[in-house]
Amino acid sequence: MQLILNIFVSFSLLLIVSFSFHLLYQVVKFFHIAHAVTITFGAYFTYLFSVQFSWHLGAAILLAIFCAVIISGFMELLIYKPLRRQGTSSWKMLIASLGIYVVLQNIISLFWGDGTKSIRTWAVKTGHNIFGAYITDVQIITITASIMMFVGVILFLRFTSLGQQIRAVSSNEELSNIFGISSGRVILWSFVIGSALGAIAGILIALDTDMTPTMGFHVLLYAVVAMIIGGVGSYKGLIGGVLLLATAQHLSAYYIDSKWMDATAYIILILFLIWKPLGFSGKLLKKVEI
Amino acid sequence: MEYILHLLIFISIYILLSQSLSLTSGYAGLISLAHVGFYGIGAYTAAILSVNYSVPFLVTLPLAMLLSGLIAIIVSTISLRTVDDYFIIITLGIQVVIFSVMNNWQGLTRGPLGIPGIPSIKILGVSFDSKISFLLLSMFFVGIVWFLLNNITRSPFGRILIALSEDEIFTKSLGKDVYKAKIISFTISAMFASIAGVLYAHYISYIDPTSFTIHESIFILSIVIIGGMRNLWKVALAAAFLVLLPEVLRFVGMPNDVAANMRQIIYGVILVLVIFRSSDRIHKGKTAIEKTSKKSTVN
């Protein structure tokens, strides 16, 4: 029972990270690795405001999300946008994004050190008992917040004007430009939404466990694997991929050893590439069709 | 003097690594982040064999090359089913798996404790424990690998690699086996990387998994990118530059841990700048080709 609960908690965390990454990927069409640092920034800014400045936690969280969004907005405006204008191919964008990640992650290390930090100032409680399993308050918040955000953003994408524009740009950028949608603005907005989700995920992770400067990268790698397993372009596939990955990780942690969790994730990815190279939904390699 | 020799040895190890990566990433256009994984496989093979079974260098070197070549064949056969960005992510995954094997298979690799006491190289009774002799040895290997890579890249096979990185469909239509060429280039570069690993293990005489992380992979990739991808000379110069850079920082008087971060920040910035410059240059007059090659099919 505890195992199922743990799977569910990490499922909901991973879902949010994977979903936000997927949102950005669909719009910008390259792997925005620097998203990892947005996640980390969310956690570290919360630490800065709530622990170091000892402000109220709620205000600190809001401000942290804001700061993380600003930073990723600058990434888009200062680096990705000029590169896109030059017509840079997607792997070069990926490398540039990797460069940004390296720079910002080391800046975090410079400011806060490589050690583990914790936002928790309160005493650790033994959570609530549900059917013989223990769940902490933070984990309840994580699950509800993630599912609410997931559903909320999907509804947003479907029913609001901006959401529809985002979907239009992700399906065909040139065509939506012809229809008068300014793709630059839409991409910036999706960076705002995606980074806010990423920052929230980072804060939730930091509340649940602790944080290190490389935590974002770690989570993001799982999220990317989940996205590839699920297949790009389908939310059902994404949920399936995340669920499979979370389950496999916890089972391997339970039956083998928790240190093999990374390897398990990638072995699943490799198995998928052998037997089902297109992911659950079969839309993985759509961008390279003739 | 010892210090300069030490730096020169490191430069030659990194020249080995980056030039071998240049074969896959530069010539064949397969950006690989798993290169340090193979470097680590070489280092660990040499360390385990020479410490536990006291196998001589002349045996461990071919064994290490064989092992990493074998793993490279298996890994690339699977990962080359994908293209472009997905391939990069898969190689990142391979790197993570190799690292986690090094870090967690404690029975074999002693995990985070690392393997100490790796003996220095002895060839036919001649011992290479002094720095100057080791430098000569590593320069010998750099020379061989450089010569081989130079010949490979100018051979018909090298031209296939360049062609497939420019336009895969067109190369296929000429009757070239693109998939096989990619696997071969990936394997050759993995084998060369393991030479660097063997040298590193014997030189430092202690290895642990932290030398073979993903950050190191990004570092070597950035050497290749800064060196202009397809130019062995410039890649070698870039390797020397990026190895010497943190030493300069140390002379300026930065504390060691700050210098480590600064080094990474600097090469991250350089990487972004190079991407800016390169997309400016390469894309002029090449956009039409680029557009068609984007539409290449999946293998």
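Every residue, even glycine, has its Cβ placed from backbone N, Cα and C.
Some features that TrEMBL has for this protein:
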type	residues	note
TRANSMEM	B:6-23	transmembrane segment
TRANSMEM	B:30-51	transmembrane segment
TRANSMEM	B:57-79	transmembrane segment
TRANSMEM	B:86-105	transmembrane segment
TRANSMEM	B:132-149	transmembrane segment
TRANSMEM	B:183-204	transmembrane segment
TRANSMEM	B:210-228	transmembrane segment
TRANSMEM	B:235-252	transmembrane segment
TRANSMEM	B:258-276	transmembrane segment
Practice task
With pairs restricted to those 6 or more apart in sequence, evaluate whether the transmembrane segment (B:132-149) and the transmembrane segment (B:30-51) have 3+ C-beta pairs under 8 Å.
Solution key: no
Exercise for the section: Go through B:57-79, B:86-105, B:183-204 and flag the stretch with the largest number of C-beta pairs under 8 Å relative to the transmembrane segment (B:30-51). Expected result: B:183-204
Practice task
Quickly jot the same-chain residues contacting the transmembrane segment (B:86-105) by Cβ under 8 Å, restricted to those at least six beyond its ends, or write none.
Solution key: 30-34, 36-38, 40-41, 44, 75, 78-80, 111-112, 209, 212-214, 217
Problem - Region pair the transmembrane segment (B:210-228) / the transmembrane segment (B:258-276), three or more CB pairs under 8 Å - result: yes
Handout entry: Same-chain residues at least 6 beyond the ends of the transmembrane segment (B:183-204) whose Cβ lies under 8 Å from its Cβ atoms
Key = 9, 13-14, 16-17, 19-21, 23-24, 27-28, 30, 32, 35-36, 38-47, 50, 57, 60-61, 64-65, 67-69, 71-73, 75-77, 80, 118-121, 128, 134, 137-138, 141, 145, 148-149, 152, 157, 161, 211
Handout entry: Positions on the same chain near the transmembrane segment (B:258-276), where near means CB under 8 A and six or more residues out
Key = 215, 219, 222, 225-226, 242, 245-246, 249-250
